[in-house]
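So that you can see what the record holds, here are the features copied from TrEMBL:
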type	residues	note
TRANSMEM	6-26	transmembrane segment
TRANSMEM	64-83	transmembrane segment
DOMAIN	71-204	domain 'CAAX prenyl protease 1 N-terminal'
TRANSMEM	103-124	transmembrane segment
TRANSMEM	145-168	transmembrane segment
TRANSMEM	174-198	transmembrane segment
DOMAIN	211-413	domain 'Peptidase M48'
TRANSMEM	287-308	transmembrane segment
TRANSMEM	328-349	transmembrane segment
Amino acid sequence: MTPRGWALLALAGLTVALVVLAALLIPWHRPPAPRADQLAALGDLPAEQVARGREFRAALRPGGYTALAVGLLVALALGLTPLGSRLVELVGRPFGGHWAAQAVLGGLAVVLVADLVTLPFAAWRQSVLTRYGLSTNGWNGWAVDLLKSYAVSAVIGAVALFGFYAVIRLAPRWWWAFGAAGAALLVVLLSFVLPVLVEPVFNRFTPMERGPLRTELMSMAARDGVPVRDVLVADASRRTRAVNAYVSGLGPTRRVVVYDTLLTEATPAEVTAVVAHELGHAKDSDVAVGTLTGALGAAAAVVALYLLGSWGPLLRLAGVDSVAQPRAFPLLLALVTVAGLVAAPVQALMSRRVEARADAHALALTGDPVAFESMQRRLGSVNLGDPDPPRWEYLYSASHPSTVERMAAARAYAREAGR
Ligand SMILES: [Zn+2]
């Protein structure tokens, strides 16, 4: 069999593995709470809060979607015309057109162009956040964050680009197989190291102060059978008024993080409800499952790019002879951008199901639907959320169930538990 035949087989295998994994590990059987309960919950929220949340979300929308469209157009313009390959060539020229310079500097230049084109929209978003009082970092803090994230992406991008094109040179016929394995490994590695190497670039993390709340959280974790060394507090208030919490990392780097804003804005019972939700993620290994699906997805993407890249018309559009040249990187980026936009609603759906399971875990663990519901109201009011967002937007991009869904879930739990 030819390398192309093996690649087709590998892609089929990876696709089946992804579908089986998603079918087995995503809690599909968890339908949202009845719409009538959701509407009742919506009716119980202060009208003023609902209006302000909707106004804020509506203010973000034009810039957000224009940025998405412009980002797509630029990626297509660079990848499906010779513009991008010329840019890579130009950047590599001072280095005699050396492949490594084209691969790393050319690749980063293409990404930078795409970033710079959407920069005005990012600034516009920051101005909306400031106007609504959510942002606390000012323009200097915003610019510093932006430069830091460019620097982090440049380091990770340089390693990935160099590795990818080095593999192509070392194994001209089988690069897609090594590239797929490398991409999967990179996803796993990033999951391990992001919490300890990258998150500290943006925030300071300190162990939660000893006291009744910490004692309660640690004993809840022990009761839940989830080993937690510590609950970390992030200094999110340097940037935002919004409240949040999350789990990240794998094995030795796993951590539960709460924003310092959550500790000042929410009651101890509400913080407990939030942490119980995060323990649900830890208990169900949601980070590990996400990493595994991400790794398989990345491997499948490399194989798919190899297969698509042998399609003549596409190469002619991009003005390249082979997808294996660094000059074809803009074409790969364009295909990945389109794939990302198409995959977004599927990813959002899977995320919402996983989040709903963590909510159910929090309700069962705390047995306190009242605190859970007040925590949802708090999240919505402080973060200026739309408690019941437009259906199309929800389906396309919502990573979490809506506030009214989560409130209704708490009420359904209370009914069943007879509280
Ligand atoms: Zn969650």
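Here the Cβ of each residue, glycine as well, is placed from N, Cα and C on the backbone.
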*Hey, which bits of the same chain come close to the transmembrane segment (103-124), Cβ under 8 Å, at least six residues off its ends?*
63-64, 66-67, 70-71, 74-75, 78, 84, 87-89, 91-92, 95, 142, 146, 150, 153-154, 157-158, 161-162, 164-165, 326-327, 329-330, 333
_Against the transmembrane segment (287-308), which of these stretches has the most C-beta pairs under 8 Å: 6-26, 64-83, 145-168, 174-198, 328-349?_
174-198
*For the transmembrane segment (6-26), which partner among 64-83, 145-168, 174-198, 328-349 gives the most CB pairs under 8 Å?*
174-198
*For the transmembrane segment (145-168), could you work out the same-chain residues 6 or more beyond its ends whose Cβ comes under 8 Å from its Cβ atoms?*
99-100, 103-104, 107-108, 111-112, 115, 122, 137, 175, 178-179, 182, 186, 190, 198, 201-202, 239, 324, 326, 329
